[in-house]
């Protein structure tokens, strides 16, 4: 009788510690959980200093070699480099989006891809419709302005968070910083995609019309009242104020529709006349300083292009080398 009572009293004592441990894990905050994971990671990698040095050296060597190969490829075969980079820019984020369940980015990516695919389809048709160039340049000019606005808003949100201005609006620093980073990434990513697709459409349309060729002379002569970008007649005179758009004249005396030449130079990254290939003076063509192409913005887009398109490839090569060498 006494032995049975002692056994019943001892049973709860043996089951109590796991229950307390389980409750303690459920009461951990997000910060405590993160600290616990860091402690486990530190214990796992303790004493592997030489191995970590080897992994860092492998990463740096692959990074330098990849940079040299990409630069040489871009200089020798720029067209194929741009096409492969654009394809990776388009596909690589889709993989990470599906893997990490970023449905908001996936919906925006899908909408942008559908509309841009339709625009690209219209731009590559032969014969080219007279309305297609205007449609193409208006779409990509809209993408350019929206991406630029998102980039500026994201940058300002990050700077305001770092300065502590988010406290005036009772916004958590993590929320405002996340908003700034996401907005900045959206602006830069779609800015890169829009500019690259606009360049492809510009080459196809201009060569189809016949007033422009990438490596040869124009196949058609240009009249004084014809736009070399869209091939349509110019109605508004140079000294007149148009209701929808004005007429621009370059330093080579060739005239164009406002939307056509803006899309050609600003969105399509073309710095030459569509007909005679003379260098375009953007400061003379665009008087508003806020609409001028910023070289720093273009460099940031190039950096993001490398980060999104080629950095995952470099990391994949490094992981393959590390796995083949047996480094953990």
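Including glycine, each Cβ sits where the backbone N, Cα and C put it.
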Residues flagged as transmembrane segment in Swiss-Prot, choosing from 51-71, 219-239, 240-260: 51-71
Which listed span Swiss-Prot calls transmembrane segment, if the choices are 180-200, 264-284: 180-200
Range annotated as transmembrane segment - as stated in Swiss-Prot, picked from 20-40, 83-103: 83-103
For the transmembrane segment (180-200), sequence-distant contacts whose Cβ falls under 8 Å of one of its Cβ atoms, 6 or more beyond its ends: 82, 85-86, 89-90, 93, 105, 108, 112, 116, 119-120, 123, 136-137, 140, 143-144, 146-158, 160-161, 263, 267-270, 297, 300-301, 304-305, 308
